[in-house]
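Straight from TrEMBL, the features:
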{"type": "TRANSMEM", "residues": "B:48-67", "note": "transmembrane segment"}
{"type": "TRANSMEM", "residues": "B:74-93", "note": "transmembrane segment"}
{"type": "TRANSMEM", "residues": "B:105-125", "note": "transmembrane segment"}
{"type": "TRANSMEM", "residues": "B:146-169", "note": "transmembrane segment"}
{"type": "TRANSMEM", "residues": "B:199-223", "note": "transmembrane segment"}
{"type": "TRANSMEM", "residues": "B:235-253", "note": "transmembrane segment"}
{"type": "TRANSMEM", "residues": "B:265-284", "note": "transmembrane segment"}
Amino acid sequence: MGAEFVQLSLPPIMIGICAAVACALPGNFLLLRRQALLGDAVSHVVLPGMVVAFLLTGALAPIAMMLGALVAALLAVVLIEAVRRWGNVEPGAAMGTVFTTLFAVGVLLLETTGASGVHLDVEHALMGNLESLIWFAASDWGSLLDPAALAGLPPELGRLALVLVAAVLYIAVLRRPLVAATFDEGFARATGQRPAAVGLGLVALAAAAAVTAFEAVGAIIVIAMFVVPPATARLLTDRLWTQVWLSAGLAALSAALGYILAGYGPLWLGGEHSVSAAGMIAVVSGLGLALAARLGPRRHRREALPLP
Amino acid sequence: MMLFLEALLLQAGRNAALVSVGAALLGLSAGAAGTFMVLRKRALVADAMAHATLPGVALAFLVMVAFGGEGRSLLGLLLGAAATAALGLWAVECLTSRTRLPEDASIGAVLSVTFGAGLVLLTVIQAMSAGQQAGLEGFLLGSTAGMLQADALTVAAGGAIAGLVIWALRRPMAIVAFDEGYAATAGIDVRRTDLAGMLLVLFVTVAGLRIVGLVLIVALLIIPAVAARFWTDRAGVLLAVAAGIGGVSGWVGTALSATAPSLPAGPLVVLVAAGIFAASLLFAPGRGAVARARAARRAAPILSREESLRWIALRHADPSSPLIAQDDGRTPLSALLPVEQIAGLDRRIG
């Protein structure tokens, strides 16, 4: 647990934890608002956005990539709404129509323009490259206090930490309107709390988290962390804020445990190669959900409360 | 262009022809099975099943290799895919019915966790067969390039079987999809029809894996159904139109992908379907956006200004006025009354 761990494993674990918690926090409210699949939809449309941004700028500048992805995410939200209204179809079908089409556009652009020669490719987009986010500048644990070494941390960590702080701030500052907009939109409107704006902010926050995390760790962690930790926490408690903190803890635990199991697990079992960390993080969180679905104290739907 | 026409007319080689026919049959079945699923408001359950096929494909590969095979038999891989897809469907059902999680959350959880498990297994396979490609990546986005004849036959057979089952079940499925209550009184077992529909969706998902890929197969189930909805309100017609759109998408998409080795089949099939969807959304008579805008313009002012003026003028005209004698409802008001009189009426209605 010395220099090697600090260089190779600590940064990916930190990045994984930041990404997981930044997705899980807004995921709680999406889950309660029946928008749980938004993370899934956004992470599919991020690909065409990034490809178009790359084709326009000719470089892999993170800012351009993120802008492209955000524009694509917003376009998808507008298109889903349009299909739902004009097509008179249920939200799930509208979502499925739009995000698969945009994803198909992204793959086709990637394959036909030669953009796949660079580090953009579909498998990379799905699996991420958590393992490659290492900290060359570190020598041992002391590097955590050395400003020169800290400046050499992977830039993804800074970006994800920023998104995480933004998520915490949004939820902390707007907690009352957020709760009102989530549980009783009519009440929120009547008391002048603008639930539509709060909801839109939540979607924007989720999109920002998805895009940033996607770029660093791949789609699968994004999709899993939006849904699984909040769903697990939902089966453990009735109290909203307990659920939010529990989900953050579960997300962080999945990220750390998943990374360690993927990196070291096969070695313990006598193998030579590590396995996909992104996949393992999703699997670990899924095991948590399975346990909660079997044993969670609040796993059942509540009967209607008896009248007093 | 020549290549595309050749592929479209099944002249681009025997395998390409088999693949095109298979994809068309598959599209037909996907359109019909997808209609059932979309009308039952369970469109995205298929997405969970599709992602749940990945661990099955990888496990089947590992098992076949462990028994000394090469691990490439498409039938074997698809059997593995079907097994884990069924597990995924079961998991979604369990989470939705036995816990308080809503269906969309169950779908998202099952989809991401099974896909993650698949990725873990894929990296295990990569580590095992360092150097030589297992070729399982083709299942992510679908590919028709370099398909063996046996594989093409498997796809074509799968499409044909699904088509036959749908043809046999078309009546109960259409009735249950449109009116559950009526279906129950007509003696149709709704639960079993639902199960049959979902199994059919599962079958189509698995059969389409090699061509369309697991990330996009759900599109071939949803988009034809949603597009067909613009053209008709009748159950039987809807199934037929959706099947037609799916079939055309499969046929044209695979023909397009045959024109260049780097063109993945899945996205092309999906984009052909999406093109048909967009055309339906805009131009379908009755429900399309253009037709609706036109109808809205025709209906917009309930009475035009001209008509209101005519109505007032008629009420206030004396019997000798030329208005009474000559009005046939079509002659412009300005031909019947002097300009100042019309201006006066105009002022009166404000």
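Even glycines carry a Cβ here, placed using N, Cα and C.
Not measured: the values here are computed from a predicted model.
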Could you tell me what the rest of the chain brings near the transmembrane segment (B:146-169), counting residues at least six beyond its ends with Cβ under 8 Å?
14-15, 18-19, 21-29, 32-33, 74-75, 78, 193, 196-197, 200, 203-204, 206-208, 210-211, 243
Can you name the far-off residues of the same chain, 6+ from the ends of the transmembrane segment (B:235-253), with a Cβ under 8 Å from a Cβ of it?
8, 20, 23-32, 34-35, 166, 170, 173-175, 177-178, 211, 220, 223-225, 227-229, 265, 268-273, 276
Cβ pairs under 8 Å between the transmembrane segment (B:105-125) and the transmembrane segment (B:48-67), at least three:
yes
